[in-house]
Every structure is written in structure tokens, then in C-alpha cells.
Ligand code: PEP
């Protein structure tokens, strides 16, 4: 059976002090079973303190650069993240793709570099409202997935966590119905099967993200092909974050 993985994405919110207080309070109230992975993706400045504070939660970065070092002002490398024991790295979030113009090719480089370093990528994909309304979701997501997995071995592919996040549902309060989310996640599993095989497609974890809240998470997680959630807004407050994990 696949594990469940629930990760909060804090985006550009909170201070170091708030991050440590949040983790300490959450962990004092948290009873995780061994089949569930829970954690938060925090801004770069908080990673080190968050990693030291967290005993039960996994800590994720929200981005990375794929080169090991060099003249890349403002970027953070994977060895830097590794040196402070970061566990996961979100790549290809729609805000990175849209606002910072990250391409599928860059995301593929990040995916490969993370796997080579032993860090776990949380690879985001998802379509805009326009693409959704044009009925082209699967075509769009397939293109993102095929490009992101180019050059990645079967063994490594199993380690990637895929997060399906329809852009029209991110931060809008407009959650995709569990049926829509299940349908796309099941298609993603088939795409992985076509690229690799049944073994990889059955092993890989697929999250849904987009306005997930404590009151809708169980309907989403009850879907066969959804193994977890990537959660923005509802992961910022202790009670709400704990509500996601109940
Ligand atoms: C996200 O940031 O990845 C996200 C899904 O945000 P929200 O839960 O606020 O829609």
C-alpha cells in the first residue's frame, strides 16, 4: 500500500521565529501513524531552523537550482540544501512557472539533479483555467510529465512525488471536485505507466493540490489514485494544519 503524504506550502510567509514556534506546537499535538508523511515547505531562510526543530515533520524547500555551484546570483543549490538535511524540494510550482518563467527543461534538470543527490522532488504539474475549459487538461499535464521525467531511470522515477495542482484551484477557494482530481491523477498514473511500467506507476505517490482544507481533505484522500495533498493557505495556521492530518 502506498503511503499518504501531506505537505504544507508556506510560499513567502512567516519568520524564522514563527516557523520554529509552529513546528514545536504542531509536534506537541501530532500523532502520526507510520503510513503518513507530513511536513512543510518553508522559505529558504527558515530551512535550517525548521530542520533542527522538526522531529516528526519532514522539511521541504520550495525551489532549488540544478547547478552545483557557480555564478548564479540569488540561487540556492542542491548541495546547499543537502548540507542542512532538507528532505524534499518542491519543483515546478505553477507560481515558479508563471511568475518566474521556469521552463519544462529547467524543471527536468532540477528533477534529475535532485534524484542524483538523494533528495526527493515534489514535482508540480497542472493546467490553467483556459486549458481546463478547452478540455485540454490531460494533454497539457502529459506534456509536463513526459518532459519532467526525460532521462530519469525507472528506479529514480519511483521516488518522485507528483503534485497535480490545477492552477484555477490554487488559492482561489475553488477546489476541484474529488472526481475531477481523481480522474486527472489516474491519468497521470497511466502516463507514468506508459513511460515506465505498471510497477513504477503503482509505486509513485501522487498528491492533489488546490484549495485543500480540513473540511474537504478526506473526500480527496479517499480517491484511489490520490496519495496526499500539497496545501497552501490551510497549512499556515496550527489548528488548520493539524486539521489536515486528522
Ligand atoms: C499551493 O500553494 O500549492 C496550493 C495548493 O495553495 P492553496 O492550497 O492555497 O490553494
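The backbone N, Cα and C atoms fix where each Cβ goes, glycine too.
TrEMBL: automatically predicted annotations, no manual curation.
According to TrEMBL, the substrate binding site annotation covers 9, 10, 11, 171, 211, 232, 233. What TrEMBL lists as active site, electrophile is 93. Taken from TrEMBL, the feature active site, proton acceptor covers 165.
TrEMBL feature annotations superimposed on the structure.
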residue: 9; record: substrate binding site; CB count, 10 Å: 25
residue: 10; record: substrate binding site; CB count, 10 Å: 22
residue: 11; record: substrate binding site; CB count, 10 Å: 17
residue: 93; record: active site, electrophile; CB count, 10 Å: 28
residue: 165; record: active site, proton acceptor; CB count, 10 Å: 28
residue: 171; record: substrate binding site; CB count, 10 Å: 12
residue: 211; record: substrate binding site; CB count, 10 Å: 20
residue: 232; record: substrate binding site; CB count, 10 Å: 21
residue: 233; record: substrate binding site; CB count, 10 Å: 19
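For the recorded substrate site, residues 9, 10, 11, 171, 211, 232, 233 set the reference point as the centre of their Cβ atoms, and the other residues of that chain within 8 Å of it by Cβ are 8, 170, 231, 234, 235, 236. Among the binding-site residues 10, 171, 211, 232, 233, the residues whose Cβ lies under 6 Å from any atom of ligand 1 are, in sequence order, 171, 211, 232, 233. Of the recorded residues, residue 11 (substrate binding site) and the residue listed as 'active site, proton acceptor' place their C-alpha atoms 15 Å from one another.
Annotation note: residue 9 (substrate binding site) sits in a strand segment as assigned by DSSP.
Spread of the substrate binding residues is 14 Å (greatest Cα-Cα distance among 9, 10, 11, 171, 211, 232, 233).
Here the Cα atom of residue 10 (substrate binding site) is found 12 Å from that of the residue listed as 'active site, electrophile'. Recorded residues residue 211 (substrate binding site) and residue 93 (active site, electrophile) have their alpha carbons 15 Å apart, per Cα-Cα distance.
Secondary structure at the residue listed as 'active site, proton acceptor', as computed by DSSP, is coil.
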